[in-house]
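A.B. asks: Summarising the annotation, TrEMBL assigns domain 'RlmM ferredoxin-like' to 1-70. Taken from TrEMBL, the feature domain 'Ribosomal RNA large subunit methyltransferase M THUMP-like' applies to 82-159. Sequence annotations record features per position, and here TrEMBL assigns domain 'Ribosomal RNA methyltransferase FtsJ' to 182-274. Positions annotated as S-adenosyl-L-methionine binding site by TrEMBL: Ser184, Ala217, Pro218, Gly219, Gly220, Asp236, Asp256, Asp272. The annotation active site, proton acceptor is assigned in TrEMBL to Lys301.
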Amino acid sequence: MQELLLHCRLGFEGEAAAEMQELAGEQGIAGYPVTQDGSALVRFVCPEQGEAEQLMRAIDFQQLIFTRQWAVGSWLELDPEDRVSPIITACAQGHIASLMWLETADTNDGKALAALTKKLKGPLERSLTKTRFVRPNKPELPRLHLCFQSGQKVFVGWSWANNGAPWPMGIPRLKVPREAPSRSTLKLEEAWHHFIPRDDWDSRLKAGMTAVDLGAAPGGWTWQLVNRLMNVTAVDNGPMDRRLMDSGQVEHVQGDGYMYRPKRTVDWMVCDIVDKPARSSALAAKWIGQRYCRELIINFKLPMKQRYQEVMQCLGHIQDALDEAGVRAEIGCKQLYTDREEVTCHIRALR
Ligand SMILES: C[S@@+](CC[C@H](N)C(=O)[O-])C[C@H]1O[C@@H](n2cnc3c(N)ncnc32)[C@H](O)[C@@H]1O
């Protein structure tokens, strides 16, 4: 039986399952999630033949908040004596792929399988190329995901590059720049990778643009904006990194981010203030609704229990507020790899 395998942050299995259950219901597809707390994976089983793949095609991956990566396929038991042959046999019954990704859950148990996947990589690649079940340089073909649960069990599945994360397990390979004042700089960089198509970077993250960073200190997010040659107003009572201030592109305003309003519309607002999601979402709605900014990225912290409901409520409130203000906007939300107990929201006003 085919199913969807969803990768998520460890501890957020319930949220990823609830989200998929709701979307399957909207599509009229019968299915049920199978979760195990702390596994960082969710199985979504669709008993009707072909419906798991139909569900995958009906859902826009960008709209998934708690799923980092996904694949459609099924589980295979493996014999430690010869793990390669049954995988090749399973591939013969699936799609021709453009590439193979070896994956595990993003957990300590998953990491412990690294030696095994490293050992299998060469033999699997050779067999898949020889059988032509993997044909490189054909990006229109799906990606083959081999997700090992143990040395005896693997999920063999496929996903499409235009409807999935561009990285194995949905984990981007980003490095903290040496000059950045804090590690959280990666959150804004990952958010841009997720929410802004690469072809739009030059027009939407352009030199000379204006930006406001609320809750900016010490300046990890401001560093990203400065790195794109923007002029930044950094609002925070805390101290900003000296070298960043020396760039001459940053004005430091010591004050309350909730009270600050720009003199004229800025291109970007970003906000990493730790607060209740209801307060953060009201702030986001105000900045787009009152046209203080054209585009924004803001974090919603989620220390509470009902995290899926909380996020959906926040997004609902933002949409209502923008409808009331008569402002059309694109609203996206994702739990990024660099997000811990939080999600990142992106809003872009449409003309
Ligand atoms: C998580 S840190 C921001 C880290 C920053 N994004 C970075 O990459 O370096 C949160 C910041 O929000 C600031 N903050 C908290 N409440 C604030 C408020 N009402 N107005 C402005 N800043 C606030 C804190 O002083 C703290 O520096």
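Keep in mind that glycine also has a Cβ here, set from the backbone N, Cα and C atoms.
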A.B. asks: So of Asp236, Asp256, Asp272, which of the binding-site residues has the fewest other Cβ atoms within 10 Å around its own Cβ?
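C.D. replies: Taking Asp236, Asp256, Asp272 as the binding-site residues, the minimal 10 Å Cβ count falls on Asp256.
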A.B. asks: On average, what pLDDT score does this prediction assign to the domain 'Ribosomal RNA methyltransferase FtsJ' (182-274)?
C.D. replies: 98
A.B. asks: Using DSSP with the three-state reduction, classify Gly220 (S-adenosyl-L-methionine binding site) as helix, strand or coil.
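C.D. replies: DSSP assigns Gly220 (S-adenosyl-L-methionine binding site) to helix.
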A.B. asks: With the S-adenosyl-L-methionine site defined by the record as Ser184, Ala217, Pro218, Gly219, Gly220, Asp236, Asp256, Asp272, how many Å span the farthest pair of C-alpha atoms?
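C.D. replies: 21 Å is the greatest Cα spacing among the residues binding S-adenosyl-L-methionine.
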A.B. asks: Taking the Cα atoms as reference points, how far is Asp256 (S-adenosyl-L-methionine binding site) from Lys301 (active site, proton acceptor) in Å?
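C.D. replies: The Cα atom of Asp256 (S-adenosyl-L-methionine binding site) is 19 Å away from the Cα atom of Lys301 (active site, proton acceptor).
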A.B. asks: Just the recorded positions from Ser184, Pro218, Gly220, Lys301 whose C-beta lies under 6 Å from any atom of ligand 1, please, or none if there are none.
C.D. replies: Ser184, Pro218, Gly220
A.B. asks: Cα-Cα separation of Lys301 (active site, proton acceptor) and Ala217 (S-adenosyl-L-methionine binding site), in Å?
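C.D. replies: Between the alpha carbons of Lys301 (active site, proton acceptor) and Ala217 (S-adenosyl-L-methionine binding site) there are 17 Å.
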A.B. asks: Give me the non-local Cβ neighbours of Gly219 (S-adenosyl-L-methionine binding site): same chain, 6+ apart in sequence, Cβ-Cβ under 8 Å, ordered along the sequence.
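C.D. replies: Looking at Cβ-Cβ distances below 8 Å from Gly219 (S-adenosyl-L-methionine binding site), excluding near sequence neighbours, one finds Pro181, Ser182, Asp213, Ala234, Met240, Asp241, Leu244, Val250.
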A.B. asks: Could you count the residues of the domain 'Ribosomal RNA large subunit methyltransferase M THUMP-like' (82-159) that DSSP puts in helix, in strand and in coil?
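C.D. replies: DSSP composition of the domain 'Ribosomal RNA large subunit methyltransferase M THUMP-like' (82-159): 30 helix, 24 strand, 24 coil.
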A.B. asks: Identify which of the binding-site residues Pro218, Gly220 has its Cβ surrounded by the largest number of other Cβ atoms within 10 Å, counting every protein chain shown.
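C.D. replies: Selected residue: Gly220.
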A.B. asks: Which residues of the same chain, at least 6 positions away in sequence, have a Cβ lying under 8 Å from the Cβ of Ser184 (S-adenosyl-L-methionine binding site)?
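C.D. replies: When sequence neighbours closer than 6 are ignored, Ser184 (S-adenosyl-L-methionine binding site) has Gly220, Trp221, Asp272, Thr338 within Cβ distance under 8 Å.
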